[in-house]
Amino acid sequence: MMITLRKLPLAVAVAAGVMSAQAMAVDFHGYARSGIGWTGSGGEQQCFQTTGAQSKYRLGNECETYAELKLGQEVWKEGDKSFYFDTNVAYSVAQQNDWEATDPAFREANVQGKNLIEWLPGSTIWAGKRFYQRHDVHMIDFYYWDISGPGAGLENIDVGFGKLSLAATRSSEAGGSSSFASNNIYDYTNETANDVFDVRLAQMEINPGGTLELGVDYGRANLRDNYRLVDGASKDGWLFTAEHTQSVLKGFNKFVVQYATDSMTSQGKGLSQGSGVAFDNEKFAYNINNNGHMLRILDHGAISMGDNWDMMYVGMYQDINWDNDNGTKWWTVGIRPMYKWTPIMSTVMEIGYDNVESQRTGDKNNQYKITLAQQWQAGDSIWSRPAIRVFATYAKWDEKWGYDYTGNANTNTNFGKAVPADFNGGSFGRGDSDEWTFGAQMEIWW
């Protein structure tokens, strides 16, 4: 009994050490931004985005507190085989008060198994909700290839000249499909599940320092038995992507060409949309018909121009041509140079211009935005974070058209459609004006 008692403290110490090591193995990653800002004409900070554009230049132009908190752990490993559990919860509030309650968004919960298939060494099999191989332009916070959602797949299959990945994911739209109720009436209240099937071949070395990635995505509305879609709904569509990445000037340049059809044109990033309604209880949806095509040509990157200068840049042309004439032509160009005074202090400027033409009216909306920021960051790279910055932003815009959201889809035949700025004596779009803002912000990823 004495021997047992003497051994007990040692056993407890060993168990505590093992538990401590296991706890330390938890990976904590994430992203966050928050700050305070004012508008020159009074009030809290306003943010500026061109009507019809799918994004905005973000430096000194973000008006919310946003965070993604990721917890993950390798829960099993034997040789080169392993299982990894990953989660991600996101939050967003208006940053106007001390206490701002919000419901979290459960963005990720998945398990990834590596090297589980003997005859596919290096591959990963996965299932669950996941950010899946997302492609974006950081300076405008624009995701041009992103099929994230609940899904499953097999990725990084070595085919000799590249890596092959296969995946299926899902997103849903409110309304848009119906079941027969009574009195020959269809009640369009059921959510429509949209499936996306993704095939991509990446890491193909085609020139010194350059790689090519090709992808095909097919999206379709997946109805329950005995349900039907709203008449004119976009049932399915395709997205084709080619991206060349070149290592250059201690950074990279990406040149991207994408072509989409029908339901894959709305967001243009790989998620199917067009079978559902945009607002609850709108039986006759204004945007169910996304039939048409989209062409996107994009070039963006980040480079180093010597010891003291870094720069991000983007140039993009996007043409969404819909059969219902409610599409847009959007082109944007911008730069973000950074001068490093010391390894942890820099001055950053962002200049961006957007121009969006309405397919329906032929009118154009345009905006240019300039931000100057003094920044302190954890390192001497334009990608170094965390960063604390003070900024001043000036924006000027001239908008000739806007979207008509007066009334509802039942009473307004133009609901959700592009109309001239002075349509029916109204005031659509943001008109011709300018504004400036100033403030401070922190941004971090880890």
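Just so you know, glycine gets a Cβ as well, placed from its N, Cα and C.
Record features, source Swiss-Prot:
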SIGNAL    1-25  signal peptide
SITE      Y31  site 'Greasy slide, important in sugar transport'
SITE      Y66  site 'Greasy slide, important in sugar transport'
SITE      W99  site 'Greasy slide, important in sugar transport'
SITE      Y143  site 'Important in sugar transport'
SITE      F252  site 'Greasy slide, important in sugar transport'
SITE      W383  site 'Greasy slide, important in sugar transport'
SITE      W445  site 'Greasy slide, important in sugar transport'
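Taking all protein chains in view, 13 other C-beta atoms sit within 10 angstroms of the C-beta of W445 (site 'Greasy slide, important in sugar transport'). Taking W445 (site 'Greasy slide, important in sugar transport') as the reference point, the recorded sites whose C-alpha atoms are within 10 Å of its C-alpha, out of Y31, Y66, W99, Y143, F252, are Y31. In this view, F252 (site 'Greasy slide, important in sugar transport') is surrounded by 15 other Cβ atoms within 10 Å of its Cβ, with every protein chain counted. Reported as a whole number, the C-alpha separation between W99 (site 'Greasy slide, important in sugar transport') and Y31 (site 'Greasy slide, important in sugar transport') equals 20 Å. Rounded to a whole value, the Cα-Cα separation of F252 (site 'Greasy slide, important in sugar transport') and W383 (site 'Greasy slide, important in sugar transport') is 12 Å. Here the Cβ of Y31 (site 'Greasy slide, important in sugar transport') has 16 other Cβ atoms within 10 Å, regardless of which shown protein chain they belong to. Comparing C-alpha positions, W383 (site 'Greasy slide, important in sugar transport') sits nearest to Y31 among the recorded sites Y31, Y66, Y143.
The sparsest Cβ neighbourhood within 10 Å, among the listed recorded sites (Y66, W99), is found at W99. Ranking the recorded sites Y143, W383 by the number of CB atoms within 10 A of their own CB puts Y143 at the top. Cα-Cα distance from Y66 (site 'Greasy slide, important in sugar transport') to Y31 (site 'Greasy slide, important in sugar transport'): 8 Å (rounded to the nearest whole number). In this structure the alpha carbons, written CA, of Y143 (site 'Important in sugar transport') and Y31 (site 'Greasy slide, important in sugar transport') are 16 Å apart.
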